[in-house]
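Asker: In case it's useful when we look at the structure, here is the feature table from Swiss-Prot:
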- GLU12: active site, proton acceptor (ACT_SITE)
- GLY78, ILE152, MET173, GLU174: substrate binding site (BINDING)
- ASP197: active site, proton donor (ACT_SITE)
Amino acid sequence: MKVGIIGAMEEEVTLLRDRIENRQTLARAGCEIYTGQLNGIDVALLKSGIGKVAAAMGTTLLLEHCQPDLVINTGSAGGLASSLKVGDIVVSNEVRYHDADVTAFGYEPGQMAGCPAAFVADEDLIALAENCIQQLKLNAVRGLICSGDAFINGAEPLARIRAAFPTVAAVEMEAAAIGHVCYLFNTPFVVVRAISDVADQASHLSFEEFLVVAAKQSTLMIEAMLTTLAQRG
């Protein structure tokens, strides 16, 4: 088994990268992919860059070059579910774009033309993540993660997203693009992110302060998931 792991930023991949054994690096088109073994599992760790285009391009390179059996998207997110605090975990049941709008042609908010309204995470991977959450005794929410090319900071964009997607649990900038590419490649995926900020008018200050906390929490989750997969054989 080979597991693809995707993080957007250096802070989101550095702890995992440093623990990869027999590490090799592929750099292409602004992306870096690190291959080797982590916790007994063959891994391909992608640092994609920030935003939907970078995430889609990087995920495509990862799937084409490394052919992982599954993909886990890690990193940070802004929490919208009322129970989420900094350091808590959000697990995707599905991902959607919050900045796509072709509703004039009968599509749902966030639905890209010719695509499903949502890209649905793999149930077995969701169960794996939630099992690890219980083992680690972390606070977590399973729910909708919405992505767009904007850092959500302030009342107006927050209200717009909540109005269009009432069940949204978290927002960030890559997950829907990753889910979209995995859907096209028929590759199972799940998004497991730690909360770096609670989306409000001071989100940017919280993000800068707590990104390292979120990175440590999401790394803890990835390592637990890999260990469980290795134990299952």
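In case you wondered, yes, glycine gets a Cβ from its N, Cα and C as well.
Since this is a predicted model, take the numbers as computed values, not measurements.
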Asker: Under 8 Å Cβ to Cβ from the residue listed as 'active site, proton acceptor', same chain, six or more residues apart: give me those in sequence order, or none if nothing qualifies.
Answerer: LYS47, THR74, GLY75, SER76, ALA215, SER218
Asker: Among the recorded positions GLU174, ASP197, which residue has the largest number of other Cβ atoms within 10 Å of its own Cβ?
Answerer: GLU174
Asker: Within the chain of MET173 (substrate binding site), which residues six or more apart in sequence place their C-beta under 8 angstroms from its C-beta?
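Answerer: Result: ALA8, ILE50, GLY51, LYS52, ALA55, SER147, GLY148, ASP149, ALA150, PHE151.
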Asker: Taking 8 Å from the centroid of the Cβ atoms of GLY78, ILE152, MET173, GLU174 as the cut-off, which other residues in that chain fall inside it around the substrate site?
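Answerer: Going along the sequence, the neighbours appear as ALA77, SER147, GLY148, ALA150, PHE151, VAL171, GLU172.
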Asker: Enter the number of other CB atoms within 10 angstroms of the CB of GLY78 (substrate binding site).
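Answerer: By my count, 25.
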Asker: Could you tell me the C-alpha distance between ILE152 (substrate binding site) and ASP197 (active site, proton donor) in angstrom, no decimals?
Answerer: 10
Asker: To the nearest Å, how far is the Cα of the residue listed as 'active site, proton donor' from the Cα of GLY78 (substrate binding site)?
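Answerer: The Cα atom of the residue listed as 'active site, proton donor' is 5 Å away from the Cα atom of GLY78 (substrate binding site).
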